[in-house]
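The block underneath contains the structure these notes are about, expressed in structure tokens.
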Amino acid sequence: MSQDPILTSKGSQEEEEDFFGLDNFFPEPESPLPPPFSFASYDIPANIDFYVPDHRKSLILRLVGSHPLWGHHLWNTARTLSTYLLETPQITQSRHVLELGAGAGLPSIVCVLAGSSKVIVTDYSDEGLLDNLRFNVDVNLEGEEKERIAVDGHVWGQSVDPLLGHLPKGQKYDLLILSDLVFNHSQHDALIKTVEATLTSSSTQSYDPSNPSAPLTEPSILVFFTHHRPHLAHADMAFFPRLAESGNGWAYEKVVEEWAGAMFENDPGDKKVRGTVHGWRAWRVRDGEERGEKPSRISL
């Protein structure tokens with residue numbers, strides 16, 4: 001989702017009109033009513049058992065009617081990521097989780113249901129987006145579950161003090177969720193800056209050359225996405241080498257590659273590319289570990 005709000009300034013002609021009070025004679029027409037909300041649902045996998053309000057078998061997500069930051073869609077990437085989180089409980093249970101650019105907030109809600117100790121779900125500091133996230137939290141969580149999640153605004157690359165303020169003093173997050181964000185190529189550096197500042201650096205495992213993959217309990221980030229613009233897939237993937245070179249270095253591995261269907265049937269580009277969700281996990285390199293890509297966890 002874009003983190004570049006567009007700022008405008010008045011030109012000399014507009015200033016002149018304001019000075020002469022012409023706006024009083026020719027008032028601007030009222031803005032049209034915002035598009036109505038829409039709703040989407042996520043069906044909980046049959047092999048997963050936890051309580052949802054009203055004993056529903058699905059989570060209900062309200063989507064903003066329209067938004068330049070694309071919060072008006074429930075992306076297939078979020079669905080695939082949520083299923084991965086439910087089927088890989090060790091990566092979420094009893095963890096502090098932060099989701100960036102959350103949209104409707106589905107993965108964050110799933111993390112709470114899966115047993116995360118604290119979840120902070122964020123998006124750009126736009127009140128319409130944040131109010132919608134609060135609505136989805138209220139609809140899908142109850143009681144103590146609702147106490148384990150908070151909604152906050154954050155602009156990537158800016159101060160993370162408000163985000164860390166949700167945790168006990170001196171602590172950071174064990175898991176970061178980035179769902180369909182890397183398409184925003186101009187914001188890779190800002191996104192990495194937030195990642196570096198919020199993920200805990202404490203490692204529970206030492207590097208084992210015979211097993212190059214970090215344990216799933218290692219502090220890590222999940223980066224799931226679809227190449228919505230196939231001709232720019234290389235620019236999406238540029239996020240990872242850039243991440244690998246940041247800080248003290250990062251390693252990353254593919255954990256998911258799944259056909260989910262193209263979001264928009266008539267968009268240009270190979271439909272198979274546009275409809276495949278890719279999931280990666282990244283972690284800070286441990287002592288003696290080389291940065292960069294590791295062998296995939298999946299059989300392609």
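Just so you know, glycine gets a Cβ as well, placed from its N, Cα and C.
Note that the structure is a prediction, hence the values are computed from the model and not measured.
Among the candidates SER58, SER179, SER186, the residue that Swiss-Prot annotates alongside TRP75, GLY101, ALA102, GLY103, ASP123, TRP156 as binding S-adenosyl-L-methionine is SER179. The least crowded of the binding-site residues GLY103, TRP156, SER179, judged by other CB atoms within 10 A of its own CB, is TRP156. Site extent for S-adenosyl-L-methionine: among the recorded binding residues TRP75, GLY101, ALA102, GLY103, ASP123, TRP156, SER179, the largest C-alpha separation is 20 Å. Of all Cβ atoms in the protein chains displayed, 26 besides its own lie within 10 Å of the Cβ of ASP123 (S-adenosyl-L-methionine binding site).
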